[in-house]
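Taken from TrEMBL, the feature transmembrane segment covers 33-57, 460-482, 494-517, 523-543, 555-574, 606-625, 663-684, 720-741. According to TrEMBL, the domain 'ABC transmembrane type-1' annotation covers 453-741.
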């Protein structure tokens, strides 16, 4: 009998091992299925993250693709074989315009060189001695004749579609009439003309070395006809020889450049008086050419040593204006002389041509040399971009014209421009700035990711400063000291906060909390100071009360009696708020901070964001940390207590070390939540990209910036791809935080697993 029962037991064991016993095979199948499902799910998460990373990277990579040019057919200058004084290309890069020294305007096909039409300017028999553009955007060009008078014409292009085929028809217009305007009684050797707000200003250099200034007032009739009223003419002797003249588009500044000495005289233009000399600056070597960049603020000066320097007006700390030499660009000339400059219409890209036929493209703001190309076998005489900057025309000194299709989509982007300080136009010093759009098409975009990254870390930092102590300490008390009945009330209540939409928190923070904090700032700081002190003080006093009184409170319910204490302290702080403000801060704490400490207070600031976003983070950190502490094995705590340790010793030496991986994970998950938060930051801050960690100023985060600007960005543009780069940076931030958190968690787990 005994042998048969032993045999039966052995067979049962073998059947269990073999998976043949009833129910065992089902459990094996379920275990294997669960293993596969969990494994596939994990691989799916990893695959999704990789796909997100690859997609972001695919949108970002084109930002750093090098520019390239593609040559078109080489042609000879069409029309009369006389020197060329000005060239331009229309928007589509199909029709070119050439102005000859004899006054002929030749329109020709940029692909074949075939002449489309030739028009002659009035007074063309006198010859042209000077040419300048009033506005490259409108196509207005001013020419000076040998008798000193000025003619202004505009070249435009009408597009029609006969038989569904595009036809471009060149048109020459005379916005101020065909009759030349009186200016000088002699031919000048330098010319600058600008039109702004009903004023036409001409500047020219006379043979005597004086500069002649003449103003015309524009009057527009009801039907759009423009007439000019001749104004007074003035003359003055400049501080340097006037070889090159440049007028600022707003008629505020005049630049006088001496080629031989390499000096710039910087003048402030006055309406009824002679220009005021601001200062004379040395370029560094002889000047070859100069012109304005897009926007009409910066000028570039080509030097004899192959350097191109960028200058624009700035202000010193005392408010006085000066001309700042901002950047220098070394053209790849190998000692060859620079012979031509050309600039894009709407971006700060410019081209430099030399006597060997090489052309180098630069982008001014980013300080980038984009590309160098051997375009001609003769000296480059003229360089011209079409308005879309898709086409560059190089004209040689011997009459050769060669066009290039330019693929230069993102010249604004470089690592130094994205992360370093950049000296932008109209600013007094290099700064970190983000400004992606403006009212004008030719503004200088500012694409620094530094203020957005700092804003992201700043918001997360202040949110965690507020949330972590409350969440972690609350989790410790709830999981270890609180009674089960009270825990069943507290934990679900806190976790319900996690379901509150962040847009509601942001709405309340922006429209209620921010104004309330601003008007009760002393009370807020008094609360932050007294509340952490009053709770330990009450605990100390409670411990010294008679035992009979203390024992009336059930164990684990001590926290409930703190509620009236907290309410009383908060009420007290905000009750004496105005008295404290009047006594210590002259009745206005914000003004006192600004005047005495130099701290500016914005209503929607990091303090408000820290409180609002901290409330959103607290439930996440609290719930995970509380679970980690509560699930510490009971035999560890009971064993510690059985060996004579107090509850506090058991908590600090057994429970917290064992739960530390979970607590740290909770904090890092909360950090990830704060870094990626969008709506609270969007609604509770001024959303201004700043680079300081001041508690009293706002910020703009990467996530909020993407949410605000993505709908208005053009698909495929630099702005569009930079927003994807911001998303990639945010992705990298969270990846780094989570990776570090996992490394630390694993080390903590390995260290305290033996407890």
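Cβ coordinates come from backbone N, Cα and C, glycine included.
Keep in mind that TrEMBL annotations are predicted by a computer and have not been checked by a curator.
Among the listed stretches 494-517, 606-625, 663-684, 720-741, the one sharing the most Cβ pairs under 8 Å with the transmembrane segment (33-57) is 720-741.
Taking pairs at least six residues apart, the transmembrane segment (606-625) and the transmembrane segment (460-482) share three or more Cβ pairs below 8 Å and count as touching. Sequence-distant residue pairs (6 or more apart) of the transmembrane segment (555-574) and the transmembrane segment (460-482) include at least 3 whose Cβ atoms are under 8 Å, placing the two stretches in contact.
Counted over residue pairs separated by six or more positions, the transmembrane segment (494-517) shares at least 3 Cβ pairs under 8 angstroms with the transmembrane segment (663-684), which defines the two as touching.
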